[in-house]
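*Asks:* Questions regarding the structure given below will be posed in turn.
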Amino acid sequence: MNVLVINAGSSSLKYQLYDMTNETVLAKGRVERIGMESSILTHEVEGEPDVREVSEILEHTAAVRKVLDMLTHPKFGVLRAIGDIQAVGHRVVHGGESFHESVLIDADVKAEIRRLFDLAPLHNPAHMMGILAVEANLPDVPQAVVFDTAFHQTMPPASYLYAIPTVLYRKHKIRRYGFHGTSHDYVSKQAAAFLGKAPEALKIVSCHIGNGASCAAILHGKSYDTSMGMTPLEGLMMGTRSGDLDPAIVPFAMNKEELTLSEVNSMLNKHSGLLAISGLSSDMREVVQAMEEGSEPAKLAFEMYAYRIRKYIGAYAAAMNGIDVLLFTAGVGENSVPLRKRVCEGLTFLGLELDDARNEVRSGETRRVSADGSQVDVLVVPTNEELLIARDTYRLAIGPKGKR
Ligand code: AMP
């Protein structure tokens with residue numbers, strides 16, 4: 001019962017092979033620099049030295065073939081034959097309004113993902129290359145797609161519509177979609193299980209704080225609102241993305257600095273956020289270190305970053321008329337002790353009390369970091385988007401309700 005999880009980018013392809021009988025990762029790795037000189041395949045198996053292979057991999061079909069060769073390699077492989085892969089699951093960033101849940105791939109699903117290229121021009125075409133590459137190599141193996149947007153399709157119109165002429169929504173589907181849905185879904189269920197409660201009984205604010213970052217208001221198990229919008233640029237301040245800003249800044253800055261559309265797009269997505277304010281790095285570790293060494297710009301960047309998160313938590317507590325659980329996940333959320341502390345310092349009005357000693361504990365497990373008397377449970381929940389993709393794929397393709 002092996003499921004291969006694929007995350008295809010335009011010049012990269014990440015993979016994880018799961019044995020679903022016990023949900024263990026048999027092997028994982030990535031192909032980088034597809035279509036460039038000296039492509040690199042890195043292959044990892046627990047307890048074995050990593051394998052690194054440099055070769056010419058011109059497109060995604062060849063990349064998938066390389067991965068399959070590696071998985072069945074007599075020395076480095078973990079499978080006897082390619083036939084031991086029973087299903088493949090793909091991460092797809094944008095499912096638009098068409099996909100409310102994960103689905104098995106067929107001709108209609110592929111056509112719909114193609115129709116959505118417009119909404120995620122950097123991501124969906126690359127995911128489609130991954131899907132076609134797997135199809136070419138494993139024509140008889142069922143494939144499923146798991147969308148970053150699907151979990152947020154339960155948002156009500158008051159959350160997802162922008163206050164602009166509705167013709168733009170009707171004609172072009174301009175609305176909030178939200179992202180990191182696979183992660184918010186997974187960690188909110190993990191949090192409920194940790195607390196021994198049903199997700200339907202809880203009001204959760206989930207903070208996925210990684211290189212990209214978003215908050216979600218999860219009311220009774222369903223996404224009610226989220227900070228990312230039509231694209232992953234809106235909302236929190238991120239590593240290199242600006243997050244929320246007055247839209248009038250765009251034409252104003254374009255005019256004053258004589259910027260083109262593509263330049264302003266690149267400025268807001270790649271040269272803003274922590275990187276711009278700290279003047280140093282998009283990596284929270286480096287920003288915190290510089291702050292501790294006395295850098296004023298790093299301190300300001302850290303303050304702005306934490307302040308935005310706190311504002312969203314307050315907004316979502318108001319949106320849901322309360323909050324039972326605040327959870328932190330992803331690279332920064334799981335690992336940054338000072339960030340969690342700074343965010344929670346301003347939330348005592350909610351009856352939320354962090355326990356400093358618990359907050360300092362480092363662990364890869366779900367854990368409580370709030371004090372015993374806190375009215376809000378504050379949890380750190382490690383995210384695992386690949387596992388959720390593997391589970392959905394298994395359920396759709398193989399499990400009791402699956403097709404085979
Ligand atoms: P992700 O997008 O979830 O993989 O998160 C990546 C980000 O997590 C990196 O850019 C770092 O800024 C951040 N990160 C990873 N480890 C730590 C740490 N120990 N402390 C603070 N930030 C961290």
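Just so it is clear, glycine is given a Cβ too, placed from its N, Cα and C backbone atoms.
Below, the features straight out of TrEMBL:
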{"type": "BINDING", "residues": "ASN7, GLU385", "note": "Mg(2+) binding site"}
{"type": "BINDING", "residues": "LYS14, HIS208, ILE209, GLY210, ASN211, GLY212, ASP283, MET284, ARG285, GLY331, VAL332, GLY333, GLU334, ASN335", "note": "ATP binding site"}
{"type": "BINDING", "residues": "ARG91", "note": "substrate binding site"}
{"type": "ACT_SITE", "residues": "ASP148", "note": "active site, proton donor/acceptor"}
{"type": "SITE", "residues": "HIS180", "note": "site 'Transition state stabilizer'"}
{"type": "SITE", "residues": "ARG241", "note": "site 'Transition state stabilizer'"}
*Asks:* Give me the count of other Cβ atoms within 10 A of the Cβ belonging to ARG241 (site 'Transition state stabilizer').
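*Replies:* The Cβ of ARG241 (site 'Transition state stabilizer') has 26 Cβ neighbours within 10 Å.
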*Asks:* So what sits near ILE209 (ATP binding site) in its own chain, CB-to-CB under 8 Å and at least six residues off in sequence?
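*Replies:* Spatial neighbours, sequence-distant, of ILE209 (ATP binding site): LEU236, ILE309, PHE328, THR329, ALA330, GLY331, VAL332, GLY333, SER336, LEU339.
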*Asks:* Can you tell me the three-state DSSP label for ARG241 (site 'Transition state stabilizer')?
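*Replies:* Note: ARG241 (site 'Transition state stabilizer') is coil by DSSP, not helix or strand.
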*Asks:* Between the recorded positions ASP148, ASP283, GLU385, where is the Cβ count within 10 Å the lowest?
*Replies:* ASP283
*Asks:* Anything from the binding-site residues LYS14, VAL332, GLU334 with its Cβ under 6 A from ligand 1? List those in sequence order.
*Replies:* VAL332
*Asks:* Within a 10 Å radius of its Cβ, which of these binding-site residues (LYS14, ARG285) has the fewest neighbouring Cβ atoms?
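*Replies:* Minimum Cβ neighbour count within 10 Å, taken over the binding-site residues LYS14, ARG285, occurs at ARG285.
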*Asks:* Which is it, of ARG91, HIS180: the one of these recorded positions whose Cβ has the most other Cβ atoms within 10 Å?
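*Replies:* Top count of Cβ atoms within 10 Å goes to HIS180.
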*Asks:* According to DSSP, does ASN211 (ATP binding site) sit in a helix, a strand, or coil?
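*Replies:* Coil, per DSSP.
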